[in-house]
Amino acid sequence: MMFSIRIFSSKNISQFLLCMILGSSLILGGASRYNEAVCLFLSFISILTLFFVLLDNRLPKSSLQSKLLIFMSCFLVFLLSLQTIPLPYKVWSTLPGRDIILTGVDLLGLNSISLPLSLTPRETVSSLLFTLPVIAVFSLISKMKVSCSSPVFVWTISTIAVFSVLLGIIQIFSGKESFLYFHEITNKGFAIGFFANVNHQASFLVMSLPIFTVLAIKQHERMIAHRSDIGQNVIVLLVGLLILIGIITAGSVAGYVLAILSLSASLMIFLGQKRKMNPIYFVSAVCLIGFSLNSILTSPQLSGLGQTSFGDGVGSRPYLFDKTIRGIKDTFPVGTGLGSFEQIIPIYENPYEVTSRYMNHSHNEYLEWTLETGILFPIFITVFMGFFGAQLVSIWRAPASHNGLRRAASLVVFIPILHSLADYPLRTPALAVFTAACIGLMFVNAENKKTSSREFSSPQNHIEL
């Protein structure tokens with residue numbers, strides 16, 4: 001007797017891997033600090049995913065843009081890995097920004113040793129390992145049809161957002177000593193959910209709003225077709241309400257500002273499903289982005305992990321920016337090494353100004369990445385923004401029908417791009433993987449969503465006994 005084991009179809013395997021890598025990153029990767037156990041687990045899942053993507057020829061082909069972005073990302077990781085290779089002392093001593101270390105090496109009589117370009121090679125290796133899930137989730141989604149990735153992606157994000165909100169509410173009522181704060185260095189007393197930083201919890205929930213909008217659109221279509229019941233409608237409504245409650249309870253000013261942009265853009269997606277993008281929407285979007293940008297950069301109440309504000313005192317954002325820019329000037333174009341900020345920035349501090357709080361990040365990712373990677377990051381981000389801008393226009397100019405998820409994904413990517421001007425959301429594996437998944441959805445091959453669903457369920461795509 002012949003029967004099919006469809007659990008081994010390409011569709012089911014790809015959906016399972018997407019759920020695993022996205023879910024585990026969001027639940028376990030909510031802190032920017034390195035955690036060996038989390039890193040090993042995410043790396044294991046990422047390697048499995050990459051093997052599947054490379055070896056399973058039943059998957060659809062990636063778009064040309066996706067292939068180029070994957071190549072760029074892998075090439076960038078390769079170049080950054082060269083930061084850990086020891087260089088002859090004569091070569092290393094000529095690199096900019098090594099004066100203080102040179103003095104120490106000479107005093108110790110170690111001027112014959114080889115040293116890597118990175119001033120903190122251990123941290124560089126740790127940071128490079130966290131690029132694995134980012135590349136893996138992008139590679140996987142870029143080779144999945146939208147009809148295949150959409151339900152898993154939308155429900156995974158929505159479900160984890162709900163549980164993160166509920167966890168945050170329990171954390172508030174449990175007090176600062178609650179065991180439900182999973183990270184060693186965290187904002188205790190706040191509703192942070194699976195994250196270590198209240199701003200990152202808020203950022204995740206704000207990023208979830210456009211994805212929830214896709215869920216709401218699907219449910220609305222089911223209601224019109226009389227294929228939904230009250231229970232389904234209530235569940236979808238509760239998901240949306242809980243996400244909004246989570247943003248409010250997080251108490252992040254950055255979250256409130258970005259929520260205005262996210263809610264407005266999500267409303268544009270919901271109302272614009274049956275027509276092409278109206279130019280008025282673009283004007284409105286530009287105004288909202290400008291308002292959000294101004295609010296993020298000027299709000300005196302924005303706070304991250306540590307003593308950060310927009311005053312001019314020690315630990316303020318202008319203070320951090322000034323120290324970071326000084327470091328960039330000293331070490332450009334080679335940089336100090338990926339993940340080195342926390343160890344390098346004290347060199348530029350005045351010992352008499354040091355407080356009990358420490359600076360773990362510059363609270364501006366563009367400055368911090370430039371400090372750590374030198375000229376590589378400005379080149380990479382310029383090329384990426386070119387790809388992103390062109391694809392953004394293409395997505396929003398296309399008819400909205402069956403394009404809601406890609407529009408939502410483009411809006412999700414905008415949120416960390418803005419938030420990175422005054423914080424470090426993409427230093428957390430959770431938000432980095434979420435963002436990479438949305439970039440993958442933006443660049444998915446247009447043919448993937450037009451091909452028949454039988455492509456994944458044909459007899460050739462599963463084992464027969």
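Each residue, glycine too, has its Cβ placed from N, Cα and C.
The feature domain 'O-antigen ligase-related' is assigned by TrEMBL to 240-376. Confidence annotation: the domain 'O-antigen ligase-related' (240-376) carries a mean pLDDT of 74 in the model.
Within the chain, the transmembrane segment (12-31) has long-range Cβ neighbours (under 8 A, six or more residues past its boundaries) at 6, 38, 41-42, 45-46, 48-49, 52, 56, 59, 130, 133, 136-137, 140-141, 143-144, 148-149, 152-153, 156-157, 160, 164, 182-183, 185-186, 192-197, 200-201, 204, 428-430, 432-434, 437. Marked as transmembrane segment by TrEMBL: 12-31 (among others).
Long-range contacts of the transmembrane segment (37-56) within its own chain (CB-CB distance under 8 A, at least 6 residues past either end) are made by residues 10, 13-14, 17, 20-21, 24-25, 28-29, 126, 129-130, 132-133, 135-137, 139-140, 143, 429. Among the features that TrEMBL reports, transmembrane segment is placed at 37-56 (among others).
Counting same-chain residues at least six beyond the ends of the transmembrane segment (68-89), those with a Cβ under 8 angstroms from any Cβ of the stretch are 62, 111-118, 121, 124-125, 128, 131, 134-135, 138-139, 142, 335, 337-338, 373, 376, 380, 383-384, 387, 439, 443. Under the heading transmembrane segment, TrEMBL lists 68-89 (among others).
With a cut-off of 8 Å between Cβ atoms, the residues of this chain six or more beyond the transmembrane segment (124-141) that come close are 14, 17-18, 21-22, 25, 29, 34, 39, 42-43, 45-47, 49-50, 52-53, 62, 66, 69-70, 73-74, 77, 80-81, 83-84, 118, 149, 153, 337-340, 429, 432-433, 436-437, 439-441, 444. TrEMBL lists 124-141 (among others) with the feature transmembrane segment.
Residues or ranges marked as transmembrane segment by TrEMBL: 153-174 (among others). Within the chain, the transmembrane segment (153-174) has long-range Cβ neighbours (under 8 A, six or more residues past its boundaries) at 18-19, 22-23, 26-27, 141, 180-181, 189-195, 201, 204-205, 208, 211-212, 214-215, 218, 238-239, 242-243, 245-246, 249-250, 405, 434, 437, 441.
Marked as transmembrane segment by TrEMBL: 194-218 (among others).
Same-chain residues lying 6 or more positions outside the transmembrane segment (230-248) and placing a CB less than 8 Å from one of its CB atoms are 158, 161-162, 164-166, 168-169, 191, 193, 201-202, 205-206, 208-209, 212, 215-216, 219, 222-223, 255-256, 259. The transmembrane segment annotation in TrEMBL covers 230-248 (among others).
Under the heading transmembrane segment, TrEMBL lists 254-272 (among others).
Among the features that TrEMBL reports, transmembrane segment is placed at 279-297 (among others).
Proximity of distant same-chain residues to the transmembrane segment (375-393), defined by a Cβ-Cβ separation under 8 Å and at least 6 residues beyond the stretch ends, is recorded for 65, 68-69, 72, 76, 79-80, 332-335, 366, 369, 410, 413, 439, 442-443. Look at TrEMBL and you will find 375-393 (among others) tagged as transmembrane segment.
According to TrEMBL, the transmembrane segment annotation covers 405-422 (among others). Here the transmembrane segment (405-422) has Cβ contacts under 8 Å with residues 146, 150, 153-154, 199, 203, 206-207, 210-211, 213-214, 254, 258, 261-262, 265-266, 269, 289, 292-293, 296-297, 302, 317, 363-366, 388, 391-392, 395-396, 431, 434-435, 437-439, 441-442, 444 of the same chain, all six or more residues outside its ends.
The list of residues near the transmembrane segment (428-446) in space but at least 6 beyond its ends in sequence, with Cβ under 8 angstroms from a Cβ of it, reads 18, 21-22, 25-32, 38, 42, 60-63, 65-66, 69, 130, 133-135, 137-142, 144-146, 149, 153, 157, 194-197, 200, 203-204, 207, 387-388, 391-392, 395, 405-406, 408-410, 412-413, 416. Look at TrEMBL and you will find 428-446 (among others) tagged as transmembrane segment.
Long-range contacts of the transmembrane segment (194-218) within the same chain: residues 26-28, 30-33, 150, 153-155, 157-158, 160-161, 163-165, 167-168, 182-183, 185-187, 236, 239-240, 243, 246-247, 250-252, 254-256, 258-259, 262-263, 265-266, 269-270, 273, 302-305, 404-405, 407-409, 411-412, 415-416, 419, 423, 425, 428, 430-431, 434-435, each at least 6 residues beyond the stretch ends and with a Cβ under 8 Å from a Cβ of the stretch.
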